[in-house]
Amino acid sequence: MTSIAVCPGSFDPVTLGHLDIIQRGANVFDEVIVAVLHNRNKVPLFSVEERLELLKKATEHIPNVTIDSFNGLLIDYVKQKQAKAIIRGLRAVSDFEYEMQAASINKKLGPDVETFFMMTSNQYSYLSSSIVKEVAKYEADVSDIVPPVVAEALKAKFSSSPRNK
C-alpha cells in the first residue's frame, strides 16, 4: 500500500525551510502532496497560481512530490486525496500550541489520519515567509533562504512596485 502524506501551507513564498520539511517528508512517505491553501484571511504577495508554479519549480528534483491547492477544511482535502498523514513543520515551541490544536481537531474529524510534526533543521529555525517578504521588500539578498526561482520572483515583484522604506 502506498503511503500518501499532505504537506499543507500558504507557501507565500516557499522558503528553504519549507523545502527542508518537504524533502524530509518525501524520504519517509511514498508520495507527498504539497497543498497550497487558499486563505481568504490573508492578502498574499503571490497568487495561488504563482505559488503553485514556484513550488513546482522548487520541487522538480523530488520525484515523489506533487503540487496542488485546496479550499476549505484540510481534513476534507486529505480524505479526498486518500492520504493517511499530514506533515507539519515546527520551528519553535511557539508553533506547537497552534499545531497541536489543529492536529487535535483533524484527529477528531478524521480519526484515520495522523499528523506528523517535523522539527525544522536548525539553520532554518528562524525562517518564515513573512520574514522573507520583509527582507525582500528592501531588496536585500534572499538567495540563501529561498530557492533561486523564488529569489528571482521576489526581485521581480518588489522591483515592479514602489519600495516601502
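Glycine too: its Cβ is placed from the backbone N, Cα and C atoms.
Among the features that Swiss-Prot reports, substrate binding site is placed at SER10, LYS42, LEU74, ARG88. Swiss-Prot lists SER10, PHE11, HIS18, GLY89, LEU90, ARG91, GLU99, TYR124, SER125, TYR126, LEU127, SER128, SER129, SER130 with the feature ATP binding site. Annotation source Swiss-Prot lists site 'Transition state stabilizer' at HIS18.
Sequence features annotated in Swiss-Prot and their locations in the structure.
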{"residue": "SER10", "record": "substrate binding site", "CB count, 10 Å": "18"}
{"residue": "HIS18", "record": "ATP binding site", "CB count, 10 Å": "27"}
{"residue": "LYS42", "record": "substrate binding site", "CB count, 10 Å": "10"}
{"residue": "LEU74", "record": "substrate binding site", "CB count, 10 Å": "20"}
{"residue": "ARG88", "record": "substrate binding site", "CB count, 10 Å": "22"}
{"residue": "LEU90", "record": "ATP binding site", "CB count, 10 Å": "17"}
{"residue": "GLU99", "record": "ATP binding site", "CB count, 10 Å": "15"}
{"residue": "SER125", "record": "ATP binding site", "CB count, 10 Å": "12"}
{"residue": "LEU127", "record": "ATP binding site", "CB count, 10 Å": "19"}
{"residue": "SER129", "record": "ATP binding site", "CB count, 10 Å": "22"}
Record lists SER10, LYS42, LEU74, ARG88 as binding substrate; longest Cα-Cα distance in Å?
20
To the nearest Å, how far is the Cα of GLU99 (ATP binding site) from the Cα of SER10 (substrate binding site)?
15
Spatial neighbour of LYS42 (substrate binding site) that is closest, considering only the binding-site residues HIS18, LEU90, SER125, SER129 and their CA atoms:
SER129
Return one of helix, strand or coil for LEU74 (substrate binding site), based on DSSP.
helix
Binding-site residues clustered about SER129 (ATP binding site) [Cα within 10 Å; pool: SER10, LEU74, ARG88]:
SER10
If you measure from the Cα of ARG88 (substrate binding site), which of the binding-site residues HIS18, SER125, LEU127 is the nearest?
HIS18
